[in-house]
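Take a look at the structure below.
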Amino acid sequence: MSMDDLKRQAAARAVEQVRDGMKLGLGTGSTAKHFVELLGERVKAGLKVVGVPTSEATRADAERCGVLLTTLDEVDRLDLTVDGADEIDPNLELIKGGGGALLREKIVAAASDRMIVIADESKWVPALGRFPLPIEVIPFGLGATRRAIEAVFAENGVSGQMDVRKAKDGHAFVTDGGHWIIDAHLGRIPDSPRLAAALNSIPGVVEHGLFIGLARTAVLAGPQGIRVVERR
Ligand SMILES: O=C(CO)[C@H](O)[C@H](O)COP(=O)(O)O
């Protein structure tokens, strides 16, 4: 079974949680794309839902699949967000942002009563940090922001190379919000909630990919089947 089959299986399990009338957060990435496609099939069969997309790519996918869209200005809370992740630890803390949509993803997840993270088993890790941590920054004053990030890393016992993410054309990758992303290669993050809070305090950092206390359920698809992990 391919990795993509596993992603689709995890997405299919999450689609079972969707009920008529729900307001949904729609994640970004290849796993979330499966969810949007499967949701679209249920919509065509008569399910009534509205979704808030977490990226322009997901907006296009949802429109193509016939999923009605709304915004967080038009609705108050969302019932459920379903999104992928780059890493998931046993406390259901996440690294997200490999696809560059972390800012909208976090806004949408925080506005949701429940977040289900869907992934293949390879995303399950004992501790976060092997996947480079995406940090979304304002291009202005980048040198100062980098130095402040380095200082926060040192205070939190981590260090590693920091790369400005590049697009395929070799220029800086620009997020849907018009910002840049620094990918920080930290190896292992001993205390992710503490690091997340410290990064939030840096001027010039718009958001980072540590999702702390947001995911309630993880649906992990592996060759042996599906494992569902609930937040303790
Ligand atoms: O955070 C994300 C996008 O910003 C994605 O959810 C994450 O990168 C996982 O992607 P995929 O499902 O393609 O493995």
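Indices start at 1 and increase along the chain as displayed.
Including glycine, each Cβ sits where the backbone N, Cα and C put it.
Annotated substrate binding site per TrEMBL: T28, G29, S30, T31, D83, G84, A85, D86, K96, G97, G98, G99, K123, in sequence order. Residues annotated as active site, proton acceptor in TrEMBL: E105.
DSSP gives E105 (active site, proton acceptor) a helix state. Under DSSP, D83 (substrate binding site) is assigned to a strand (E or B) in the three-state scheme.
Here the residue listed as 'active site, proton acceptor' is positioned 8 angstrom away from T28 (substrate binding site), judged by their C-alpha atoms. For the residue listed as 'active site, proton acceptor', other Cβ atoms within 10 Å of its Cβ number 32.
The record gives T28, G29, S30, T31, D83, G84, A85, D86, K96, G97, G98, G99, K123 for substrate. Within 8 Å of the mean position of their Cβ atoms, the other Cβ atoms in that chain belong to G27, A32, A101, E105, A119.
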